[in-house]
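So the structure is just underneath, and the comments pick up after that.
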Amino acid sequence: MIHKYDYHKTHFLFSTSCIKNLLYNVSKEIAFTGSSNVGKSSVINTLTNQKNLARTSKKPGSTKTVNVFEVEPGVNLIDLPGYGYVTMPVALKYHWQHDLIYFLQKCTNLKGLVVLMDIRHPMKFLDKYIIQCAIENKIQVFILLNKADKMNAYACNTQYHTVQQHLSNLESNIKITLFSSVTKLGIKKLKAQLDSWFSIVS
């Protein structure tokens, strides 16, 4: 049976600069990831109906720590640092990418991975790589094509089918939805997916 969670009650739990610290959690977890400046913080704020729960910035790569938010006791959302930002120091960039892959391989409490993409520039190399790693580690993936308000309906539909085509060769049933923090497009589908994942009995 799928439980309906009240994401409006979500609150900040803790931050860590070491993603491996999450491996010691016993809570159910769903992680949000994506390239820098894709709008992860805005999506989390829209989901929880809280303007400042996750800090937003116009400067790409601002989230340099892992931020954990508690929906209710034992149920967490994880905001992972953006990957691939071009001006990030190379050593730091590869450190985070390595730790993210390690997290996907080792985290036993991860119920699903929400991969955000800017609908104007979807399926970058690192997006594909992260999705493939998730599939290999039997982690369910949900793709949000974010910033859909930046394009007209026809262009959004074209990008949607382009992403579908990219995923057609993968042996996994990955769901995709258009999303906008401005118009709230896709918010019901996002909540339904999170509810479904959190309701999975281990």
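Cβ coordinates come from backbone N, Cα and C, glycine included.
What Swiss-Prot lists as GTP binding site is 34-41, 61-65, 79-82, 146-149, 179-181. On its own chain, LYS147 (GTP binding site) has GLY39, ASP118, ILE119, ARG120, PHE179, SER180 as residues at least 6 apart in sequence with a Cβ closer than 8 Å to its own Cβ. In the three-state DSSP classification, LYS147 (GTP binding site) falls within coil.
If you look up Swiss-Prot, you'll see SER41, THR63 marked as Mg(2+) binding site. Other Cβ atoms within 10 Å of the Cβ of SER41 (Mg(2+) binding site), summed over all protein chains shown, number 21.
Look at Swiss-Prot and you will find 26-200 tagged as domain 'EngB-type G', backed by sequence analysis.
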Number of other Cβ atoms within 10 Å of the Cβ of LYS40 (GTP binding site) across all protein chains: 25
THR65 (GTP binding site) to SER41 (Mg(2+) binding site) - Cα separation in whole Å: 12
Cβ neighbours of GLY34 (GTP binding site) where a neighbour is any other Cβ within 10 Å: 25
Other CB atoms, at most 10 A from the CB of ASN37 (GTP binding site): 16
